[in-house]
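Noted in Swiss-Prot for the protein shown:
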| type | residues | note |
| --- | --- | --- |
| ACT_SITE | 18 | active site, nucleophile |
| ACT_SITE | 157 | active site, proton acceptor |
| ACT_SITE | 161 | active site, lowers pKa of active site Tyr |
| BINDING | 21, 64, 93, 126, 157, 161, 190, 192 | NADP(+) binding site |
| MOTIF | 16-20 | motif 'GXSXG' |
């Protein structure tokens, strides 16, 4: 008998469970009677959760979703241990920030961003699909407002989130015949530690006072806009998971619903003008014009 065959609880897999949203959703699922495989590259934070909630509610598993071979190994582990081969929930939450001017993002930075934010989630869905179909389960993605609005200095991250939004929407259609729900949680401001700590490259075309000021305003965007506490976000999302409704997109987090309507009713040129002012790109523009004028004089 496998380790879980006597376990009547619903079973979930959560990636990126070592902090922020994934950590809080893991706890909220455990409170709602799930056994959660809490997956992340770092086991230490999740080990504390296993102690707090008990090993019959949270089981830490070391997993780097940017490595396809680790996902295949994890799938084999689940095949050997899931009761009746059923997985009730896959929460694709692991994420990689990438905050750079578009022209400064290196091949390595772009590749890592897409490996985690896109390819890793696609691989998880493919490798775990048989368990989810058997359970008539639910697949959830942590989407982002950045996948709807391309904020300055975040074009690579925005591209990765836009890609996973479209994947989720296609998957939502394709999984309906198999009675598997797919939820894309388009996420606004949430208090997490995902913010990119890497500095502006010295060779950047934005490496002058006004450019650095604009870049720094983008890096502090989340904490400057009253982000929703991660535990409050988790409670909302778990309600969505437990619901029987089947929308593909749900909007959660600070400003998420506001931006949803902004994108419908506000012309993009006007939104772009607002973003330019908010992130101080108007100052960059003025500084460059002044510099050019001085050259011409």
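Each Cβ is built from the backbone N, Cα and C atoms, and glycine gets one as well.
Spacing of residue 93 (NADP(+) binding site) relative to the residue listed as 'active site, nucleophile' is 11 Å (Cα to Cα, whole number). Mapped onto DSSP helix, strand and coil, the motif 'GXSXG' (16-20) counts 1 helix, 0 strand, 4 coil. Just so you know, the Cβ of residue 21 (NADP(+) binding site) picks up 27 other Cβ atoms within 10 Å once every protein chain is counted.
Taking the Cα atom of each, residue 18 (active site, nucleophile) and residue 192 (NADP(+) binding site) are about 11 angstrom apart.
Within the same chain, the residues at least 6 positions away from residue 157 (active site, proton acceptor) whose Cβ sits under 8 Å from its Cβ are 97, 98, 99, 113, 117, 144, 146, listed in sequence order. On a Cα basis, residue 161 (active site, lowers pKa of active site Tyr) lies 19 Å away from residue 64 (NADP(+) binding site).
Neighbour density at the Cβ, taken as the number of other Cβ atoms within 10 Å, is lowest among the recorded positions 126, 161 for 126. Between the alpha carbons (Cα) of residue 21 (NADP(+) binding site) and the residue listed as 'active site, lowers pKa of active site Tyr' lies a span of roughly 16 Å. Each of the recorded positions 18, 93, 192 was ranked by the number of other C-beta atoms within 10 Å, and first place falls to 93. All protein chains shown were included, and the count of other CB atoms within 10 Å of the CB of residue 64 (NADP(+) binding site) stands at 17. For the recorded site, the residue listed as 'active site, proton acceptor', the DSSP three-state label reads helix. Every protein chain considered, the tally of other Cβ atoms within 10 Å of the Cβ of residue 190 (NADP(+) binding site) stands at 24.
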